[in-house]
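Swiss-Prot lists Leu122, Gly126, His127, Leu128, Glu247, Ser355, Pro356, Phe357 with the feature (6S)-5,6,7,8-tetrahydrofolate binding site. Annotation comment: Swiss-Prot describes His230 as site 'Plays an important role in substrate specificity'. Residues annotated as N6-(pyridoxal phosphate)lysine in Swiss-Prot: Lys231.
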Amino acid sequence: MTDTNLDFLAQTDPTLAAMIQGELQRQREHLELIASENFTSPAVLAAQGSVLTNKYAEGLPKKRYYGGCEWVDQAEQLAIDRAKELFGAAHANVQPHSGAQANFAVFLALLNPGDTIMGMDLSHGGHLTHGSPVNVSGKWFKVSHYGVSPDTERLDYDSILELAKKEKPKLLICGYSAYPRIIEFDKFRAIADEVGAYLMADIAHIAGLVASGHHPNPLPYCDVVTTTTHKTLRGPRGGLIMTNNPELGKQFDKAVFPGTQGGPLEQVIAAKAVAFGEALKPEFKVYSGQVIANAQALANQLNQRGFKLVSGGTDNHLMLVDLRCIDMTGKEADKLVSEINITANKNTVPFDPESPFVTSGLRLGSPAMTTRGLGVEEFREIGNIIADCLLNRNDEAVKKDCLNRVKALCDRFPLYPHLNIPVPVLA
């Protein structure tokens, strides 16, 4: 998305242009703490708004079912090569439209309906596509779920091994949507080998940390690795499948197309190439380190203010605040922080007595605001703002003060200052 594109949009569809401008203003004026969100570079936005959106390109580079693919072949191959270099993978498929699509392709390649899969329970930090009963993965396969220890709120690898011996899964899944600690992929490899299972790592949340060396890389241990390309990787919304096994790579390629998708989104693949290129630069390693430092600063500040953190803190980009310590639900906390222009999300905590629509937790993450330039001191201030807001839930004066402090931070660290749509925002 460039100024020129926005000008065209404002001229041809001012109604939609106003909506996009409204969303731009919302992003500028809020502290974005949703752990799965980030702000892409202008270059990523530009690639997604390019003429590549016009091209159909079923198949793989140099193996297409349509003519005229010489340039999209080069763009897609660039994305593949950069993904392989970034993660140290022998094979990469950059076509999945999303992380869920990447996971489904792996399931199609490795499993038959009725096979057993084993992943983390959603309420403990897993993901819908890892066997939740409301997801197709929970309908097509027999599912066994593991969770965290009730004592440490961390993975208990001995318990996972015992469950795997009992259930004998064909596919063991590690990688999560709300787990704040380091994942020991070597221990999962040993468990998978013990029971003869394939091992899949879904690193959608931690991909940027893995790519930059701030989290162990699963590729030496896992048969297949899937991820999204946004979140900590700071690219466009999309998916990616990687493996070091050439034969499995061929199966995954077929499972993506024609197995689960038709034509790839070449404009998004080009944006993935941009993001992978950015992540290969030294600046990205610095950024990822700051993401972790900022998350730990926020977690420590909340802990000092009396809040309980699931597992006691964080090793990565996210944390879970257990709000039962202040007799508050996640739904209530989500609403309160939204009123002071902080965007977060309610989230279940391990062994949560509340429903998923209410929850006892609040999930917070540092990637987006780290992209805007905030550092440790600013994240400590964010911790104090959140604490002041939640601990004084009925005090309007405190709420107003918190809102002003949020505004001050947003003003100090502007977002996309070059972008603007010359149309009024809709009421």
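Placed from the backbone N, Cα and C atoms, the Cβ positions cover glycine too.
Keep in mind that what you see is a predicted model, and the values were worked out from it rather than measured.
What Swiss-Prot annotates, mapped onto the structure for a quick look.
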residue: Leu122; record: (6S)-5,6,7,8-tetrahydrofolate binding site; DSSP (3 states): helix
residue: His127; record: (6S)-5,6,7,8-tetrahydrofolate binding site; DSSP (3 states): coil
residue: His230; record: site 'Plays an important role in substrate specificity'; DSSP (3 states): coil
residue: Glu247; record: (6S)-5,6,7,8-tetrahydrofolate binding site; DSSP (3 states): helix
residue: Ser355; record: (6S)-5,6,7,8-tetrahydrofolate binding site; DSSP (3 states): coil
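Compared over the binding-site residues Gly126, Pro356, the count of CB atoms lying within 10 A of a residue's CB peaks at Gly126. For His127 ((6S)-5,6,7,8-tetrahydrofolate binding site), other Cβ atoms within 10 Å of its Cβ number 23. Residues Leu122, Gly126, His127, Leu128, Glu247, Ser355, Pro356, Phe357, recorded as contacting (6S)-5,6,7,8-tetrahydrofolate, have a largest CA-CA distance of 43 Å.
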